[in-house]
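J.: Before we start, here is the structure in question, set down as structure tokens.
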Amino acid sequence: MFSFVKGLPGQQGRGCEEGTADYQHALSWFTAWAAFVFATLLGFARLSYGQLLPALKADLHASYSTLSAVATLNFAGYLLGTLALPWLLARVRNQQRLNLLALLATQITMVGAALSADSGQLGAWRLTNGVCAAVATVLTMTLSLECIYPHERGQASGMIWMGGALGLMLSGLIAPPIILAGTAPGWRLVWLIMGGAGILAALGFFNARRRQTVIRIAIKRSNASTSEERASTWVTLRPLFLPGRLLWLSLTFFGFGGGYITYFTFFIALLTQQGVPTLYAGFVWAAIGLAAAASALIWGRLLDRRPTGFTLALPLGLGMLGSLAVLTNIPAIEYAGSALVGLTALLGPPLMITVLLKRAVPDGAYAVSYSTLTALFACGQIVGPLLGGLIIGWLGLQAGIASSALLLGLAALCACSYGWVQRGR
């Protein structure tokens, strides 16, 4: 049952800012709203693009290489958003309102993309969508975890990322019938519906988070030491690039970003090329999301018990094996491989990295540190599809998708290296 932690009158919400009493449990309506937001950010705004690729190709008369470039623009926007976030955080005091604006802008760009007349307009909207989604993703997670009991943050992170998986599942169930009911432009209606749901999620989360800070006490600013206030951004971020600190965790996120997005960008296109009907491909997409949703709580609980890089390496290694299944050219094995990727590499790594970073850096440095790690993740999302696109042009779709296994495998090795660093400390 969902639970609510209530404070004394006039004191409600202090736990989120002061770290004292009024934390939320991982299983709460507050976390449910955060999960809804992630469903719209990850499942709708970002990963639905891969599912709609065949419909976009037919309606906009664009090639897969052109649409791959549009996808790269979205990833480039995501990178720009994460790079801009530290600058925004230094100038905007009210993070909740900034997050609301970013969430609403993400959904407005979804609506704009749905009205695109050609691939050029689509690329511009997807670029802007990436910028806004990056800011919203980092701030939503930051604003959520600071209100959760520390010993339950792994589970809470799992639930929030599970929302992204459920969004993926819903897009797989909703999109194919709409597209099949009409003509190729059915993808436009899909994105309009998703944009409307995203606006509802944004307003709901803003209201839920605001209740946690009825009296906002800026404890981090008022009690911070002078040296902390004057510390440069580089001093804050330096541990992320030190081999004896967090470098291997940073590289893990980079490799994961390239590996997972390569797989999900081209997998539905492969099924379509192999003659799988749109409706069946949608069921496969939904099954991947369902598998990821089922796994999120498992990985979150496992990390709460064993918060190490070795735990992080497990889903990455299993995801590497699952992504290699496309080389068999046997549909049953490909479906099983996609289920394995969904169970392991879709949500396991990001939710674990989110919590491992939270445990490794001071609270005041978390938002900027997470933004920087997300920038590396975004760089991986750019490199992965570009590498996959080159391999597709050379060896075909199957080989291009299988290139994701290389990046996931390298990420698993980096995660093990981070585990050894933790053990040495």
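Going from the start of the chain as shown, residues are counted 1 onward.
Placed from the backbone N, Cα and C atoms, the Cβ positions cover glycine too.
Unlike curated entries, TrEMBL annotations are predicted automatically.
The transmembrane segment feature in TrEMBL is assigned to 27-47, 67-89, 98-115, 127-148, 160-180, 186-206, 246-272, 278-300, 312-333, 339-361, 373-395, 401-421. If you look up TrEMBL, you'll see 31-425 marked as domain 'Major facilitator superfamily (MFS) profile'.
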J.: Which range out of 67-89, 98-115, 246-272, 278-300, 312-333 gives the transmembrane segment (127-148) the most CB pairs under 8 Å?
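T.: That would be 67-89.
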J.: Any contact between the transmembrane segment (186-206) and the transmembrane segment (98-115), i.e. 3 or more CB pairs below 8 Å with pairs at least 6 residues apart?
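T.: Since 3 or more Cβ pairs under 8 Å link them, the transmembrane segment (186-206) and the transmembrane segment (98-115) do come into contact.
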J.: Any residues 6+ beyond the ends of the transmembrane segment (312-333) with a Cβ under 8 Å from its own?
T.: 252, 255-256, 259-260, 263, 267, 270, 274, 276, 295, 299, 303, 339-341, 343-346, 348-349, 352-353, 356, 398-399, 401-402, 404-405, 408-409, 411-413, 415-416, 418-419
J.: Quickly jot the same-chain residues contacting the transmembrane segment (278-300) by Cβ under 8 Å, restricted to those at least six beyond its ends, or write none.
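T.: Sequence-remote neighbours of the transmembrane segment (278-300) are 26, 43, 51, 54, 154-159, 161-162, 164-173, 175-177, 179-180, 268, 271-272, 315, 335, 338-339, 341-344, 346-348, 351-352, 355.
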J.: Among the recorded stretches 67-89, 160-180, 401-421, which has the greatest number of Cβ pairs closer than 8 Å to the transmembrane segment (339-361)?
T.: 160-180
J.: Short question: which residues 6 or more past the ends of the transmembrane segment (160-180) have a Cβ under 8 Å from it?
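T.: Here the qualifying positions are 31, 34-44, 47-48, 51-52, 55, 140-141, 144, 186-187, 189-190, 193-194, 278-279, 281-293, 295-297, 342, 346-347, 350-351, 354.
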J.: Same chain only, please: residues at least 6 beyond the ends of the transmembrane segment (246-272) with a C-beta under 8 Å from a C-beta of the stretch. Say none if there are none.
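T.: Residues 47, 49-51, 53-54, 64, 68, 71, 75, 239-240, 278, 280-281, 284-285, 309, 312, 316, 319-320, 323, 326, 334, 338, 341, 345-346, 349-350, 353, 356-357, 360-361, 372-374, 376-381, 383-385, 387-388, 392, 397-398, 400-401, 403-408, 410-411, 414-415, 417-418, 421 contact the transmembrane segment (246-272) from elsewhere in the chain.
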